[in-house]
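Written out below as structure tokens is the structure these notes cover.
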Amino acid sequence: MARKKIIAGNWKMNMTPSEAVALVETLKPLVQNEDVDVVFGVPAIDIVPVVEACKGTNIAVAAENMYFEESGAYTGEISPKMLVDAGVKYVILGHSERRDYFKETDADVNKKVLKAIEHGITPIMCCGESLEQREQGITMDFIRQQVKIGLQNVTADQAKKMVIAYEPIWAIGTGKTATSEQAEEVCKGIRQCIAEIYDDATAAEIRIQYGGSVNAGNAAELFAMEDIDGGLVGGASLKPDFGKIVCYNK
Ligand code: PEP
């Protein structure tokens, strides 16, 4: 079974609610591609207006984070129930910015992954090495640990529906893209790791994105690689160029 590509924007901490709606209106006609699942990952405050603005389109909405409790005294956090009620279908978990600035651990990411799945939200679980780790030759060791801990107690059937985003930290927001060979090598390694944890069928079904300075110029080459099933796109997802990325095969 061929894996359908999934291309997701990560707006990070950009766009006020009114700016967000205006951006959706600009991008709507540009992101029509039946070969691709299109996702907009938006700040929490933009979720409700963006879901409304995306009604009747091919665009699904992702949250950029989520807490792993149902409700209660967790000031400032957002629960899976709230996201589901608002119409969210995906959640980006374990982005390197959250791991770095907000000290999220692999164990935290695992709790969030399990909670999201329990509520029917598809996790986009991020992993990726720093430049230092790449230079030390421990890229795959580090990523295997992130993936193995992140997927603890996730069943094969649940893992099959998940998305993993490989995002080398040195390529995020730097304009420095991994070559398609570098990106493919790690995405293939992640798929092998999934086969070891589960089985070949699960590895063949799970979707693995590449993220890190994807733009209209490099998307087609990256997405043509065997083990790269689309992208997680930061900076370029805020521009009309995102339409060109989504329509990379047209
Ligand atoms: C990201 O935010 O996940 C990302 C990959 O950013 P950029 O595309 O700007 O490098």
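Placement of Cβ uses the backbone N, Cα and C atoms for every residue, glycine included.
Not measured: the values here are computed from a predicted model.
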Pick the one from S18, S180, S213 that TrEMBL also lists for the substrate site with N10, W11, K12, G173, G234, G235.
S213
Considering Cα atoms only, can you say which of W11, E167, S213, G235 is the nearest neighbour of H95 (active site, electrophile) among these recorded positions?
E167
Out of K12, H95, which of the recorded positions is least crowded by other Cβ atoms within 10 Å?
K12
Between the Cα atoms of G234 (substrate binding site) and E167 (active site, proton acceptor), find the distance and write it as a whole number of Å.
11
